[in-house]
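Enquirer: Can you read through this structure? Questions will come right after.
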Amino acid sequence: MIELGVNIDHVATLRQARRTWEPDPAWAAMEAHLGGADGITVHLREDRRHIQDEDVRRLRELTQVKLNLEMAATDEMVGIACALRPEMAMLVPEGRHEVTTEGGLDVLAQEGRLKDVVARLADAGIVTSVFIDAELGQVEAAARIGARVCEIHTGPYAHAFHAAGRDPQSAAVVDEIDKVRRAGEAIRALGMRFNAGHALNYYNVQPIARLPEVRELHIGHAIVSRSVFTGLRDAVREMKRLMREAAGVGR
């Protein structure tokens, strides 16, 4: 069955706007779980712009579903991950100038270093995922460094979908879906788990959820935005419904 990992970074973004104690990401994680989330994702950035170290510690203690820690492949972050031992650590590129992650990790350019990072995480019992663009070379490099999961960056697909007026049949959208599909097939052929995420929302999620090889989608901003009007539990529940409808409930 296709799974939903809910990214709650922007609950912390709202809290940090006032440098106060609410809204509480740990409470958000519990609400997401009650809405049907299969996992919780947070990105502990080097600049600590939203999620803080204490948030990750509390989530590790309180979350009853799997915890996915997005992180840069730095010694500091690897040390934090190894100490807290989330179920999964997803290696992502990171730039202080960016509003959000803008592209996939270039695994090809840093295979040696990333292989060492993956080995350190594996020694701590942590599954490593890499966030990559839908490119065969990056998929193959991910397999070589020992990653067990690849998350394909769906930002280009989401931008094409929006530019096409939400028409899933437009040539540009079909082309982007095909890129994601082919990357997913390569991921599975190499024995890794195929996840996807970035800029997915209630309008564009179904064509991606319909791909037969995809196992998990990570979605954050759209769900947190919808929760302002419906509550987080219902926002998660509706996203999960759309995903399962597209994938077929039995998958």
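Including glycine, each Cβ sits where the backbone N, Cα and C put it.
Here's the feature list from Swiss-Prot:
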- Asn7, Arg18, Ala199, Gly220, His221: 3-amino-2-oxopropyl phosphate binding site (BINDING)
- Asp9, His10, Arg45, His50, Thr100: 1-deoxy-D-xylulose 5-phosphate binding site (BINDING)
- His43: active site, proton acceptor (ACT_SITE)
- Glu70: active site, proton acceptor (ACT_SITE)
- Glu151: site 'Transition state stabilizer' (SITE)
- His198: active site, proton donor (ACT_SITE)
Enquirer: Does Gly220 (3-amino-2-oxopropyl phosphate binding site) have same-chain partners at least 6 apart in sequence with Cβ under 8 Å from its own Cβ, and which are they?
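Expert: For Gly220 (3-amino-2-oxopropyl phosphate binding site), the qualifying residues are Val6, Asn7, Ile8, Asp9, His10, Thr41.
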Enquirer: Taking the Cβ of Arg45 (1-deoxy-D-xylulose 5-phosphate binding site) as centre, how many other Cβ atoms lie within 10 Å?
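Expert: Summing over all protein chains shown, Arg45 (1-deoxy-D-xylulose 5-phosphate binding site) has 21 other Cβ atoms within 10 Å.
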Enquirer: Give the helix, strand or coil assignment DSSP yields for His43 (active site, proton acceptor).
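Expert: DSSP call for His43 (active site, proton acceptor): strand.
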Enquirer: Need one number for the 3-amino-2-oxopropyl phosphate-binding residues Asn7, Arg18, Ala199, Gly220, His221: the maximum pairwise CA distance in Å, whole number please.
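Expert: So the binding residues stretch over 25 Å, Cα to Cα.
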Enquirer: Using C-alpha atoms only, work out the spacing between Ala199 (3-amino-2-oxopropyl phosphate binding site) and Glu70 (active site, proton acceptor) and round it to an integer in Å.
Expert: 16
Enquirer: Among the recorded positions Asp9, Glu70, Glu151, which residue has the fewest other Cβ atoms within 10 Å of its own Cβ?
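Expert: Each of the recorded positions Asp9, Glu70, Glu151 was scored by Cβ atoms within 10 Å; lowest is Asp9.
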Enquirer: List nothing but the one residue from His10, His43, His198, His221 whose Cβ has the fewest other Cβ atoms within 10 Å; the candidates are the recorded positions.
Expert: His221
Enquirer: Ten-angstrom check, please: count other Cβ atoms within 10 Å of the Cβ of Ala199 (3-amino-2-oxopropyl phosphate binding site), all chains counted.
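Expert: The answer is 19.
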Enquirer: Across all protein chains in the structure, which of the binding-site residues Arg18, His50 has the highest Cβ count within 10 Å?
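Expert: Selected residue: His50.
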Enquirer: Which one is it, among the recorded positions Arg18, His43, Glu151, His198, His221, that lies nearest to His50 (1-deoxy-D-xylulose 5-phosphate binding site) by Cα separation?
Expert: His43
Enquirer: Compute the C-alpha separation of His43 (active site, proton acceptor) from Arg18 (3-amino-2-oxopropyl phosphate binding site), stating it in Å without decimals.
Expert: 19
Enquirer: C-alpha of the residue listed as 'active site, proton donor' to C-alpha of Arg18 (3-amino-2-oxopropyl phosphate binding site): distance in Å?
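Expert: Each residue's Cα considered, the residue listed as 'active site, proton donor' and Arg18 (3-amino-2-oxopropyl phosphate binding site) end up 26 Å apart.
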